[in-house]
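Single-structure report; data block below.
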Amino acid sequence: MKRPKLKKASKRMTCHKRYKIQKKVREHHRKLRKEAKKRGHKKPKKDPGVPNSAPFKEALLREAELRKQQLEELKQQQKLDRQKEQERKRKLEISPDDEQSNVETQEESDEPKIKKAKSGKQNPKKLHCQELKKVIEASDIVLEVLDARDPLGCRCPQVEEAVIQSGCKKLVLVLNKSDLVPKENLENWLTYLNKELPTVVFKASTNLKNRKKTFKIKKKVVPFQSKLCCGKEALWKLLGGFQQSCGKGVQVGVVGFPNVGKSSIINSLKQERICSVGVSMGLTRSMQIVPLDKQITIIDSPCFIISPCNSPAALALRSPASIEVLRPLEAASAILSQADSQQVVLKYTVPGYKDSLDFFTKLAQRRGLHQKGGSPNVESAAKLLWSEWTGASLGYYCHPPASWNHSPHFNENITAIMKRGFNLEELEKNNAHSIQVLKGPHLTNKILFRSSGLTNGILEEKDIPEESPKQTEDQQDGDDQEHVTGEKNAEISDVTPVEETREMSPGQSTASKPSDRSFILDKMSEEDDAYDFTTDYI
């Protein structure tokens, strides 16, 4: 029976019913055991493989490996043939009117047809660039969100140049995740960045929930109160003062590299979880317009696309697909090479290490990351370090450059134009108050990191490389040329035998599946009966 005011029914029942169910279950299990006992337990026969006493063992193994490889390639070829046959049948099932239109388009040219098919699945990086350009064009103020742990590495000169060239637009820097760096370091960075652009110290709230909570009994709406947010008032006053000086509505675009906290800043300003946030990089894939009040509208944007010409450490920290493009060991080693080794040892509580591989081995032993045989899983340890450094919990910091110089795309006139219309004195007071309120990281959670400088990004679609996994798959599926199949068949027939030999014990097997190996050995005996093992070797 369903209880009132509750969604789930009660699991209560009478003892008679419960004992009856238990009795039926016992009887069912007894019958299963009885049937299994009648059938008996037959152990699968193990294939002993090629004995060590057999002559030409290495040649047999090579031929078996070669035949297995040829069978796999043949299966792949048959799969491609089936797909092409299905495509041909689909084309035949099209109505006559559609056939006439298809014939006319095919007679014009084949190349435009291929281009149209490819345009249906566009590269997601190009879509990011398109959405980012839309945000910059629609914005009056562009907030470039920087990670306070590496502010210089989060600046993109290409995007800043686009904002400067687009006309009378303002560029403001927001130092997010300010609670993860020491206060002295944060003050030094604030002084360094304020010389060029207005900078706001910010710490986004991480305890946001859904927009509203409703209760059926009271029929009252309870708005959500955000917690642990610093710098919200300073940013509100900065945007509000600029809006009053303009005398019209203002649109604010939020841009930055992945995982710097763009969507978290919007949620903190709105005090609601409107934009999707998470640990994984690149969750925002299209622009999202959020009205803050009647006069100020904020626009969320997808992340910058990092250029492949950057340093390996920058690629590992700023690229969402760095683990896919780079190997985990390479990405984590690039990060580790830029960090202070003594502080890394204190943070991860491992003994001193010689190189990155030695560190990952000790870290895997420390965290209990082992492979099947008990050896340390170095790759899992590298992924663990990469996820911590790209997340929002590890506190590392960089020192600002010793000498200050204008960025290549800035000068004194541009700096004066960018600061015009903002109350910088009030902003300085609010930043000082925010730094005072913030709690710095723990001593063991501070790691000195050597920044690699400005990170180059890609804003133009033509600069994005055309090759991508999705496009290559589409090309393989859509390729209907007959000479490709001939080439593949020729490759299968002309495969050279494997030169490497394997040393095996009498009990070991050569292939992963026993059924495959038995088939291969039987096949060999049918093909070559010139040598008789039973008569010559007893």
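Note that Cβ sites are derived from N, Cα and C of the backbone, with glycine treated the same way.
In Swiss-Prot, the feature phosphoserine is assigned, of S101, S109, to S101; the remaining candidates carry no such note in the record.
According to Swiss-Prot, of the candidate residues S375, S407, S505, the site noted as phosphoserine is S505. Taken together, the residues of the region 'Acidic' (460-532) have an average pLDDT of 45. Taking Cβ-Cβ distances under 8 Å and a sequence separation of 6 or more, the neighbours of K248 (SUMO2 cross-link) in its chain are Q295. Checking each of the recorded sites (K91, K177, K270) against V260 (GTP binding site), the C-alpha distance stays within 10 Å for K177. In this structure the alpha carbons, written CA, of D300 (GTP binding site) and K270 (SUMO2 cross-link) are 12 Å apart.
Taking a C-beta cut-off of under 8 Å and a sequence gap of six or more, S178 (GTP binding site) has these contacts in its own chain: A148, L186, V201, F202, K203, C230, G231, S434, I435, L438. A simple way to gauge crowding: the CB of P302 (GTP binding site) has 24 other CB atoms within 10 angstroms, across all the protein chains here.
Comparing CA positions across the recorded sites K91, K177, K270, the one lying closest to P258 (GTP binding site) turns out to be K177. Separating the Cα atoms of K177 (SUMO2 cross-link) and P302 (GTP binding site) is a whole-number distance of 19 Å.
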